[in-house]
Amino acid sequence: MVLDELISEFDRGLRSLTGISRMSRPVPVPAEPTVGELTPAERAHAAGLMRVNHVGEVCAQALYQAQKLTARSASSKAMFEEAAREEEDHLAWTAHRLKELDSRPSLLNPLWYAGALAIGVAAGTLGDKVSLGFMAETERQVESHLDGHLSELPATDTASRAIVEQMRVDEVKHGKAATDAGGIELPLPARMLMRAASKVMTRTAYYL
């Protein structure tokens, strides 16, 4: 049973890094069609933002895989599995949009994945309440990060905006579920460290 689970998660990790993601929901589409073409500068900026979002989803896969494998209770395992499934949609959506923008994922994805996997294992070994609290805080920070992207994306890039808006809805749901399941609030130093690490990742992934 444990071996089967490890093989399954290894397969998911490979798919995350190779871009072969399974999409359970279609790519969100804007309510109204895009009016006008993006300028080269707007296209480049949108691609940078969507690359950052794609990296975030690579990290989410690693985090939730590690937290699922280290979770003590069946209910916590199920929660991390459900979140990972929805985040895999996000991974596929952002990869799809990057292709539409004639861009590419981050060249450092293996590094981001490995780091997030280690962090997920560390959080999981501290117990389910801490691990769920880490999930809740992660989702809160991602929600804030997506709000920032919605304010930065060109108004005419309705395709990217539709994806980010649905991602935000899902992240809010994941964070609330983790809190409702008993996740504790992390101490301030831990939250600040998470924000600092996130800034390094987002600034680097925008270009690389």
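Even glycines carry a Cβ here, placed using N, Cα and C.
According to Swiss-Prot, the features are:
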BINDING   Glu57, Glu87, His90, Glu171  Fe cation 1 binding site
BINDING   Glu87, Glu139, Glu171, His174  Fe cation 2 binding site
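A Cβ within 8 Å of the Cβ centre of Glu87, Glu139, Glu171, His174, the residues given for Fe cation 2, is found for these other residues of the same chain: Ala60, Ala83, Glu86, Met135, Thr138, Val142, Asp170, Val172, Lys173, Gly175. Residues Gly56, Ala60, Glu86, Glu88, Asp89, Leu91, Val142, Met167, Asp170 surround the recorded Fe cation 1 site, their Cβ atoms falling within 8 Å of the Cβ centroid of Glu57, Glu87, His90, Glu171, which are themselves excluded. Same-chain residues at least 6 positions away in sequence with a Cβ under 8 Å from that of His90 (Fe cation 1 binding site) are, in sequence order, Asn53, Glu57, Ala60, Ile163, Met167, Asp170. Glu87 (Fe cation 1 binding site) falls within a helix when secondary structure is assigned with DSSP. Counting Cβ atoms from all protein chains shown, Glu87 (Fe cation 1 binding site) has 25 others lying within 10 Å of its own Cβ. Around the Cβ of Glu171 (Fe cation 1 binding site), the same chain contributes Glu139, Val142, Glu143, Leu146, each under 8 angstroms and 6 or more positions distant in sequence. Residue environment of Glu139 (Fe cation 2 binding site) contains 23 other Cβ atoms, counted within 10 Å of its Cβ in all protein chains.
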